[in-house]
């Protein structure tokens, strides 16, 4: 069972008076003025603030009620990514299969932006990470429990896997027509009528391996930096408008950085549908395309999101973060027992 947390995030304790507390012992000053304690970020995409944690379910004695309560976080992440892929892959399918008559590139940016916004709304119970790289960054910088990371990753990937299958089933007739037959399934770079790009990302032909990695890294860095800025109440913060803010973040990334690699910025979003497309008959080329590009969106977003979180905490964030501890958190690695002992005394 997850630990019970306060529903309302604590008010930010931010002061721009550099002389505050001067001449007093720092520990005594903080202890005597609780309002000046460092604040912690909470909310969508940061952690999970379950608004009905203590609410009594209707018929809690039922078997499914108990299962649903125990599995609410994996279910939440599953359906958050599920919604994301339905709208994202669905927008790509409509643009590609209609030959540009039912939309254009910006329609795809709209689809992914809307998918993220609605996916966040759908998965608020779990914190609406809907991205394993975001979960990893929160484990490092926002004290999200490490033990939940593999559970979230699996749920997110399964959500993308299942949703991409539904998009395929919905557009099956159009795919058959576009490809030239029910037994023809091709991948970008191998055919002018390829449809595998509906489900996962493929790089532009001119992209080098380094360029592929860097493009995904930059987009993921922007994503995580903006997520933390949207949730930082000590800055401006978006509060309940965070999902709308994320819509514009994803739309902007797609409009400005999406051409080269398709801005996967999410292992679950790319690997789940890629695996589904392989099972659906697109063949070995889903892995070999782009000089075996498939691993880039599985790895680069983790580096990018961690770097984006690090940038925000180093230069902007003043609340609870490993960055705002001695040696920017490295002391915890060098002297973990000493830090743990000190924290228990406090």
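For all residues, glycine too, the Cβ spot is worked out from N, Cα and C.
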Point to revise | 292-312, 313-333 - the one TrEMBL records as transmembrane segment | key: 292-312
Point to revise | Per TrEMBL record, range annotated transmembrane segment [choices 46-66, 151-171] | key: 151-171
**Study point:** Of 213-230, 267-284, the range TrEMBL labels transmembrane segment
**Key:** 213-230
Review point. Top stretch among 78-98, 110-130, 151-171, 213-230 for CB pairs under 8 A with the transmembrane segment (292-312)?
Key: 213-230
**Study point:** Other parts of the chain folded back onto the transmembrane segment (151-171), taken as Cβ under 8 Å at six or more residues beyond its ends
**Key:** 73-75, 77-86, 89-90, 93, 97, 126, 129-132, 135, 198-200, 267-273, 275-277, 280
